[in-house]
Amino acid sequence: MKSTFLWTACVTPFNCSGDSIDYQSLQRLLTMQAETENGVVLLGSTGESLSLTDSEKRTLVEFVCELKLNTKIIIGVPGVNLYQTLEWLDFCKGMPIHGYLMTTPIYAKPGIMGQTLWFEKLLEKAHVPAMLYNIPSRAGVSLHAETVRNLSSHEKFWAIKDSSGTVDTLTQYKKVAPNIEVFCGDDNMIPDMAAKGAAGLVSVAANVWPSVVHEYVKQCMSGENPQADSWQQACKTLFTASNPIPTKALLHDIGLIEHKTVRLPLSTEDLPSIETLRQANKMILGWKELTNS
């Protein structure tokens, strides 16, 4: 797992009406990621996992595993109901995957011991390494540093995806659990977090620009800071509406997915403008041409 410094948090393409998954578009996106040697994260928030039925999630995982992609696969693990989550882990045990992304329990706002006991249950069930996910803006509570300390010796606890929005959180995690890798969970923060010891990036932007993001993160990890202002400006356009609305809109605009459809409660009508995304795409492709020249 340590050789993978870029993981793409993949979108789940739908048909026009949104009532089924567009597997042809999904295969196209995943093939691009594999060709660029990016790991893939399926069924996270970018993949609209909470909007999928259990049957759809199982079918999606089976479909992706049957593709036999030459890349590593992480599967999202929901943080809602313990027993349903354990059942999901039971299903995934039979799949040739490489890791889990385990979200901090949402809505309930558990404290240190609640989080510790929750993750202990999940880690005991896991058959592959797990990346815990700190996403306070969605979960309603942070993954506490003391929780990380309590779990740091578990053999299945491999890494953290930190989407706290501050470098200080990474520093706290590294202090209490120096053996645990911490990945940046915000595209625009990778220059700063790489400088503080991040192991890599779990990226939304790599859905659209897989090879460019791969090269950019590689440079950041080697100590360079290539055009951080332009990079951050472009990445922020992917969050002008709730993720993954802008990303799907741009993927559709450049012909990588057939439809920009998202499922309720998300709506494409909340996207302010496609023009901002087109300008960001132009900026990123310009950076690619500059670095290749």
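Each residue, glycine too, has its Cβ placed from N, Cα and C.
Marked as active site, proton donor/acceptor by Swiss-Prot: Tyr133. Taking Cβ-Cβ distances under 8 Å and a sequence gap of 6 or more within the same chain, the neighbours of Tyr133 (active site, proton donor/acceptor) are Gly44, Leu101, Met102, Thr103, Thr104, Leu143, Ile160, Lys161, Ser163, Gly185.
DSSP gives Lys161 (active site, schiff-base intermediate with substrate) a strand state. What Swiss-Prot records for Lys161 is active site, schiff-base intermediate with substrate.
Around Thr46 (pyruvate binding site), the same-chain residues six or more apart in sequence whose CB sits under 8 Å from its CB are Ala9, Cys10, Val11, Val204, Asn207, Asn243, Pro244, Thr247, listed in sequence order. The annotation pyruvate binding site is assigned in Swiss-Prot to Thr46, Val202 on the grounds of sequence analysis.
Within 10 Å of the C-beta atom of Ser45 (site 'Part of a proton relay during catalysis') sit 21 other C-beta atoms, taking all shown protein chains into account. Feature annotation from Swiss-Prot assigns site 'Part of a proton relay during catalysis' to Ser45 (among others).
Within the same chain, residues at least 6 positions away in sequence whose Cβ sits under 8 Å from that of Tyr107 (site 'Part of a proton relay during catalysis') are Val80, Ala139, Gly140. According to Swiss-Prot, the site 'Part of a proton relay during catalysis' annotation covers Tyr107 (among others), on the basis of sequence analysis.
A separation of roughly 12 Å, to the nearest angstrom, links the Cα atoms of Ser45 (site 'Part of a proton relay during catalysis') and Val202 (pyruvate binding site). Taken residue by residue with DSSP, Tyr133 (active site, proton donor/acceptor) is part of a strand.
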